[in-house]
Amino acid sequence: MERSHLAVLLGLLAFAAGVPAAAAATAVEGAQAATAEASCEPSILATQVSLFCAPDMPTAQCCEPVVASVDLGGGVPCLCRVAAEPQLIISGLNATHLLTLYAACGGLRPGGARLAAACEGPAPPASIVTAPPPPVAFRRKPPAREAPPPPPAAEKLSPPPQQHDDSDHNKRVGPLPRGSPPPYAQSVPVGPAAAPPPPRSGASSSLQAPLAATTTIVAITLIAAAQY
């Protein structure tokens, strides 16, 4: 029983001694991170990198700011801040280029691809652009046909003229006196009609022609005899 109590006491003492040590270690790491973050100057480091660095060209002047941004500036977060500066964006350098240069310069932290992925972070979801629906075309209703207004009372059609009978006309004119011709009768000449001339017979006309020829011959003969 006494041994078990002693074991429990020793465990409690060891736990009590380990908690302050862990807390102290955490505090030291936090202080180091704060110091490293304070020592990271992304604008100055980005200016130096843009002046002296080019992709796949790890010169001595280029390696100094690149290695300092990772080893002395707080690790990958500082390098990501340097890569986000406008100087490097204009120069065409990104975090992948810087980590490649860091590995070529002999940096203390390996795994450039993993560090570059940490800089880039998860890709944002692609925004889906939805086009607005087309406007609904409203159909215009044709205007209703209005009935023509009724004609006024003054413009009513007059009744057709009535046809008068001849009997009514005769009644109005009155009876004609005796001996007078009717108004519409044609004038007929009074007296006997002249007799047509008698037609000439065909025999007399046929005799007159030879008689005239004979008379002409006799006259010519007499004239010739008188001359001799």
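Positions of Cβ are set from backbone N, Cα and C atoms, glycine also.
What Swiss-Prot says about this protein:
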SIGNAL    1-24  signal peptide
DISULFID  Cys40-Cys62  disulfide bond
DISULFID  Cys63-Cys105  disulfide bond
DISULFID  Cys78-Cys119  disulfide bond
CARBOHYD  Asn94  N-linked glycosylation site
REGION    124-207  region 'Disordered'
COMPBIAS  145-162  compositional bias 'Pro residues'
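Positions of the features from Swiss-Prot, shown on the structure.
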residue : record                      : Cβ contacts under 8 Å, 6 or more apart
Cys62   : disulfide bond              : Val49, Phe52, Cys53, Ala54, Leu101, Cys105
Cys63   : disulfide bond              : Leu101, Ala104, Cys105, Gly106
Asn94   : N-linked glycosylation site : Ala83, Leu88
Cys119  : disulfide bond              : Val76, Leu79, Cys80, Ala83, Ala95, Leu99
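Taking the C-alpha positions, the distance from Cys40 (disulfide bond) to Cys78 (disulfide bond) comes to 6 Å. Classification of Cys63 (disulfide bond) by DSSP places it within a helix. The number of other CB atoms found within 10 A of the CB of Cys40 (disulfide bond), across every protein chain shown, is 21. Figure note: comparing Cβ neighbours within 10 Å for the disulfide-bonded residues Cys78, Cys105, the maximum is reached by Cys78. DSSP assigns Cys119 (disulfide bond) to a helix in the three-state reduction.
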